[in-house]
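Notes for the one structure printed next.
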Amino acid sequence: MAVVVYAPASIGNVSVGFDVLGAAVSPIDGTLLGDRVMVKAGNEPFSLKTAGSFVAKLPSDPKENIVYDCWRVFARELDKKGLELKPLEMTLEKNMPIGSGLGSSACSIVAALDALNQFHANPLDEMELLALMGEMEGQISGGVHYDNVAPCYLGGLQLMLEELGIISQEVPCFDDWYWVMAYPGIKVSTAEARAILPSQYRRQDVIAHGRHLAGFIHACHSGQPELAAKMIKDVIAEPYREKLLPGFADARKYAASAGALATGISGSGPTLFSICKDQDVAQRVARWLEQNYVQNEEGFVHICRLDKKGSIVTGSEL
């Protein structure tokens, strides 16, 4: 028996919700923008194979790979429930660039833990599994946060709550929005992007941030796409992180002139997202970004929609 799980790319923060909002996205042309993990019966407790277009960026020692840590914490949780871990062989297909702002580590974590859970007939419930995913993400970025793993696992636009045992809940969004994702092909480390942020904020920035986030969530729930798009503004991170992203200011300016509703940094960058109301605008923005924002052959641009499914079982073979 084998199980393969695909976990999609995600946009952390979505500009307006620093560390509390995240959205899963999938290209409209059917390209798999995300990682896949296969788990099948093995002869030893754990063995790892790696594949995929970004396999060269992974550590050569399997024990340094985050999916090995996923296996360890999954084993810990099974032990607490008095359940036995099956000997298994895992294959990670790494299709996501590392340090891209597309939730690359979240893709590997979500695909690995979901596949492990499926392979063992789902002993952990959704929130237990999500808590483990946040723990693993924290191991990479230095603090537990869910704004990539929650949408990657659950799909859609997710708001982090962390109250009453609820880690996150889905916010209704606009299915007709196109999300143009542009990765320039350079790397920005999450730790560096966090270090650049101020330790304190001015009162007017805190008030503006609260107004934007509350306004955005209100507009999503009341079905006002124009208002929602206007509220996608970031006073917390983007003003400081722009300097890490060559060409971002020009890209945002062009996207607005071409008719995009909003443009922002995906996670800590360097990927940007641009929301467009119709496909013509999305294609125009995508073409410009391909010619002006992408810096090398590793970069790419995809026109996406919100991915409402999150991680899914795609079968038993890679």
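Backbone N, Cα and C atoms are what each Cβ position is placed from, and that goes for glycine too.
The ATP binding site feature in Swiss-Prot is assigned to PRO97, ILE98, GLY99, SER100, GLY101, LEU102, GLY103, SER104, SER105, ALA106, CYS107. Mapped onto three states, the DSSP output places CYS107 (ATP binding site) in helix. In sequence order, ALA7, PRO8, ALA9, SER10, GLY34, ASP35, MET96, CYS152 are the residues of the chain that are 6 or more apart from CYS107 (ATP binding site) and have a CB within less than 8 Å of its CB.
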Environment of PRO97, ILE98, GLY99, SER100, GLY101, LEU102, GLY103, SER104, SER105, ALA106, CYS107, the listed ATP site - residues of the same chain whose CB lies within 8 A of the CB centroid: ALA9, MET96, ASN148, GLY267
